[in-house]
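Data block below; observations after.
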Amino acid sequence: MSMQAERSYKPVGKVDPNTVESFAPPQKATFLDRISHPKMYVPLIGLVFLSIAPLMVNQYYQNILNSIVLFAIAGVSWNIFGGYARQISLGHAIFFGIGAYTSTLLLINFGISPWIGMFIGGIFSVLVGYVMGLSLMRLRGHYFAISTIVFSQVLLLVFTKYRQFTGGAEGLSVPFADSFWMLQFSNKLPYFYIFLAFLIGILLLVRKIENSRLGYYMIAMGQDDQAAKAVGINIPRVKHIALAISAFTMSIVGTLYAQYMYFIEPMAVFHIPLSVEFAMISIIGGLGTVMGPVIGAIIMKPFIEIAISITNFLGFESVGGINYFLYGIILVIVVIVLPNGLIRPITKGYNKLLSVLPGGKSK
């Protein structure tokens, strides 16, 4: 009976093909579909343009481009601890200097490649950061920020006094060898691509952290550490991990700086204004964001360079610290007008641009 009914069954009416299609599983986007979206091809075009930009300018502008990328790496490194975890540090030059001196001393005394020395310096920086954390992690706000300055000044005095090991105030010249293994080149162009590779690498690292449980803990702690503690987040542990990552990456920047300049001295790598500059780049660009420090470096470094050139032209070349004075003015303006940094309006404008480009109006 049931078999006969089943055989005699016929659908009533016509089947709407649109209805059938709506129940079909969604097709996976092809590579061509992905690459045709502005979110993909605009960054790729930007990366290509950035890669060829140094080839189109003279050495002066190459140095500016190198400085932008190097300080962008430093800003991103600082932002891991100072932005996401909201632990405002004014002593991050400690790790910058440790990286610079460790790799340089290993190269001078033992002939060890800076590629190896940068990771040894990173380990030393993590250890120093751990000791610093044990001493300062209970402090909060401006008390913590001021205390980090003390650590920076202690290392400045140590590296200045023990000249038999560090070269003292006279500094150390990095022995030159035109070799990739020694991270030294006869011209500054190769440094740009090495710096750019490190910048892309640390941006991917920060993006990974941001989307991880650690990133969630850091952001929660930065917004309200008492509330984060109440829901079971181990605040001291999260602070130590954030500082360790930030210290390690900042140490690498110090090594890159030493090899780029061929010379280091304590006042250049442990000085307070250097730590302040790292912080200003991140704050002006946008705290606790992946691209904020990059935007800060892209805007601030050329602006400061132009401002210094103008002041020199006007006869004020003897006035020291003009760059930090300008950083302060810009910081005050940004904090008042754009408390979340420059990244908000820039991101908004970027998204509008994507929406009007071909392929930008996605479903």
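Quick reminder: no glycine exception, Cβ is built from N, Cα and C everywhere.
Keep in mind that this is a model prediction, so the values were computed, not measured.
Positions annotated as transmembrane segment by TrEMBL: 40-57, 63-81, 93-112, 118-136, 143-162, 189-206, 241-262, 322-343.
Remote same-chain residues near the transmembrane segment (322-343) are listed as 273, 276-277, 280, 283-287, 289, 291-292, 295-296, 299-300, 303-304, 307-308, 311, 316 (criterion: CB distance under 8 Å, separation of at least six residues from the stretch ends).
Between the transmembrane segment (118-136) and the transmembrane segment (63-81), the number of CB pairs under 8 angstroms, six or more residues apart, is fewer than three, so the stretches are not in contact. Counting Cβ pairs under 8 Å to the transmembrane segment (63-81), the stretch among 40-57, 93-112, 143-162, 241-262 with the most such contacts is 241-262.
Across 40-57, 143-162, 241-262, the stretch most heavily in contact with the transmembrane segment (93-112), judged by Cβ pairs under 8 Å, is 241-262. Sequence-remote contacts of a segment are chain residues at least 6 beyond its ends whose Cβ falls under 8 Å from one of its Cβ atoms, and for the transmembrane segment (241-262) they are 66, 70, 73-74, 76-78, 80-82, 84-85, 87, 92, 94-104, 114, 117-119, 121-126, 128-130, 132-133, 173-174, 176, 182-184, 188, 191, 194-195, 198, 202, 205, 209, 214, 218, 268-269, 278. Distant neighbours of the transmembrane segment (143-162): 87-94, 97-98, 101, 132, 135-136, 168-169, 266-267, 270-272, 275; these residues of the same chain sit at least 6 beyond its ends, with a Cβ under 8 Å from one of its Cβ atoms.
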